[in-house]
There are 2 protein chains.
Amino acid sequence: MSEFAMIERFFRPLSRHTEVVQRGIGDDCAVLSVPAGEELLISVDTLVEGVHFPANYPPAQLARRALAVCASDLAASGAQPRAFTLALCLPELNAPWLEQFSAALAADAAAYDMVLVGGDTTRGPLCITLQVMGTAPRGTALLRSGAQPGDRIFVSGTVGDARAALDFLSVVQASASQQYCLERYHSPQPRLALGMALRGIASAALDISDGLAADLGHILTASGVGARLEVDRLPVSAALRQLYPEGSARVDGMPVAWRYALSGGDDYELCFTAAPEQRNSIEALAQSLSIAITEVGEIVADSGLRCVDSNGAAVSPAAGYQHF
Amino acid sequence: MSEFAMIERFFRPLSRHTEVVQRGIGDDCAVLSVPAGEELLISVDTLVEGVHFPANYPPAQLARRALAVCASDLAASGAQPRAFTLALCLPELNAPWLEQFSAALAADAAAYDMVLVGGDTTRGPLCITLQVMGTAPRGTALLRSGAQPGDRIFVSGTVGDARAALDFLSVVQASASQQYCLERYHSPQPRLALGMALRGIASAALDISDGLAADLGHILTASGVGARLEVDRLPVSAALRQLYPEGSARVDGMPVAWRYALSGGDDYELCFTAAPEQRNSIEALAQSLSIAITEVGEIVADSGLRCVDSNGAAVSPAAGYQHF
């Protein structure tokens, strides 16, 4: 099978004409038409075998996770997903592998309403780079830099589940709680609807990939503010509480579940800030989208992140994931 | 050095605000504003160590070649370069390597008038994926699909030089002609000004990366036409003629220089088609841009590529570069 035959068979079916996509796969460039009054939002993510996923990772899972991780940046920016490119580096042309990979990619791209518009396939170590592109009305993109003292800090869903999954990636007969966390790790759900709904409501936002404490730090730096985070208020799933009961082991002075919630990455929930008067709008959003949204702290003028427990005692925020 | 420190030091200086770039490096997404009446053109290319460039390839050369190869797709589409993203996979954080890589990338990005707007840095086998983005007035992008029977086929510059370079990549004391070809291979020049000038003149276009015969084949397939290519008219550099004199060895019935010109890749010249009445405009373009443009054949209604020599005898077009 040639590279061209591979593209025709596995990837061209993911390309189609839309309002935004004037030309997809098959020319030197793809051609996008951004609707009048909108801006284009772009993000890139690379997943490398042996670094971001283990050898022999199921191709369907790889496709889903890669697209979700990348689309999560669109969610964090409030963008409507539109298109993506795929740079795929493969040790060999393996038709069954490509069949599963492209079928899963097609399914989730359709679910997110994204069209594959181009890419590159090369021979080399297994590695996948996706660039996702979305649109938002001019000036409405959610940024990291808008947090103001007095704003409250919110987190969607629950955090720490994906970190817990790392503790039992190789368990053969996983319990229901373990399975829940593994699913959260392998198949993150980008909060796309929430991100778009937060335009005009959130003052700053990002997605939690490296851990809440580390990622919130980016908002603080970009906004030139500090924060007070109440770790006991962090949204922790029933599965995580069941796996790491509060009275059992502690890490750095915190129950494991809350430590994971504070510092574990890979959940791809949104962390955002908003003025207190937006609380009702946020509650309404949580209801209409059936997403838990939890207030976990407050933005303050003094720089730095202060984590405190319910007694007001300081808790050390562990460092986030180090990429090198 | 952390990933964030690396980005701040080596890559953020390549990001700045422009008419198109509203937000560059530093948020979950970059934000681009496409000028009214224009479309966004996008292309992606990956270069893998050991596949597209050898181990210990000089980092400055890698940066220049990667950007040129990718920008060449913008040239082929007639796009004005605007922005690019960089996904860089590195075995380790090597500051001197990054210093040279980013300095060269900065210099050529400035020369092409492109701004780095985002990316991802990951640990793994050395591999670089660039996505370039440009703009063109709505409906003016040069495509592969517009060639019509009767159109003439044109090639910019000279072809075959980069293929010849592969014959003496490891020569220590290269001759002037060898140096010329090596330079053509290591530092291709994307024909950006020519691509933009060909809007409204060329009926179809692409850049020659896999070899003229193979790449012209893409125009023929996309346009549903055939072509008659006169191989003796192919533009061959003085260096290539000097290195492979016409009377010496032949490959597949052709002098080596012309075989390389027909089938060798990596020159990144443009191949385009245009109606015969555009000849004067094309000649004027060649003059004003100081680029040789050579007519090398004609588009015909019958499908397939027929290569003929000056006696009208058929010549076999060799296959282009196989990626797998």
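Backbone N, Cα and C define each Cβ position, glycine as well.
For B:ASP28 (Mg(2+) 3 binding site), the number of other Cβ atoms no farther than 10 Å from its own Cβ, over all displayed protein chains, is 28. B:ASP28 (Mg(2+) 3 binding site) carries neither a helix nor a strand DSSP state and counts as coil. Among the features that TrEMBL reports, Mg(2+) 3 binding site is placed at B:ASP28, B:ASP73, B:ASP207.
Feature annotation from TrEMBL assigns Mg(2+) 4 binding site to B:ASP28, B:SER43, B:ASP73.
According to TrEMBL, the Mg(2+) 1 binding site annotation covers B:ASP45, B:ASP120. Counting only same-chain residues six or more apart in sequence, the Cβ atoms lying under 8 angstroms from the Cβ of B:ASP120 (Mg(2+) 1 binding site) belong to B:ALA87, B:LEU88. The DSSP secondary structure for B:ASP120 (Mg(2+) 1 binding site) is strand.
Taking Cβ-Cβ distances under 8 Å and a sequence separation of 6 or more, the neighbours of B:ASP73 (Mg(2+) 3 binding site) in its chain are B:SER43, B:ASP45, B:VAL132, B:ASP207. In the three-state DSSP scheme, B:ASP73 (Mg(2+) 3 binding site) falls into the helix class. If you look up TrEMBL, you'll see B:ASP45, B:ASP73 marked as Mg(2+) 2 binding site.
Taken from TrEMBL, the feature substrate binding site applies to B:HIS52, B:ASP266, B:TYR321. Of all the Cβ atoms in the protein chains shown, 23 others lie within 10 Å of the Cβ of B:ASP266 (substrate binding site).
Annotated ATP binding site per TrEMBL: B:GLY119, B:ASP120, B:ARG144, B:SER209, in sequence order.
The Cβ of B:ASP210 (Mg(2+) 5 binding site) has 21 neighbouring Cβ atoms from other residues within 10 Å, across all protein chains displayed. Under the heading Mg(2+) 5 binding site, TrEMBL lists B:ASP210.
Here TrEMBL flags B:26-135 as domain 'PurM-like N-terminal'.
As annotated by TrEMBL, domain 'PurM-like C-terminal' applies to B:148-307. Averaged over the domain 'PurM-like C-terminal' (B:148-307), the predicted model has a pLDDT of 95.
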**OP:** Could you say whether, by DSSP, B:SER209 (ATP binding site) belongs to a helix, a strand or a coil region?
**Re:** coil
Original post:
Would you say which of the binding-site residues B:SER43, B:SER209 has the most Cβ atoms within 10 Å of its own Cβ?
Top reply: B:SER43
Original post:
Of B:ASP28, B:GLY119, B:ARG144, B:SER209, B:ASP210, which binding-site residues are close to B:ASP266 (substrate binding site), meaning a Cα within 10 Å of its Cα?
Top reply: B:SER209, B:ASP210
**OP:** List the same-chain residues at least 6 positions away in sequence whose Cβ sits under 8 Å from the Cβ of B:GLY119 (ATP binding site), in sequence order, or say none.
**Re:** B:PHE11, B:ILE25, B:THR85, B:LEU86, B:ALA87, B:LEU88
**OP:** Just name the binding-site residues among B:ASP45, B:HIS52, B:GLY119, B:ARG144, B:ASP207, B:SER209 whose Cβ comes within less than 8 Å of a chain A Cβ; none is a fine answer.
**Re:** B:ASP45, B:HIS52, B:GLY119, B:ARG144, B:ASP207
Subject >> Inter-residue Cα distance where the pair is B:ARG144 (ATP binding site) and B:ASP28 (Mg(2+) 3 binding site), in Å >> reply: 34
**OP:** Among all chains shown, work out which of the binding-site residues B:HIS52, B:ARG144 has the most CB atoms within 10 A of its CB.
**Re:** B:ARG144
Original post:
So among the binding-site residues B:ASP45, B:ASP207, who's got the most Cβ atoms within 10 Å?
Top reply: B:ASP207
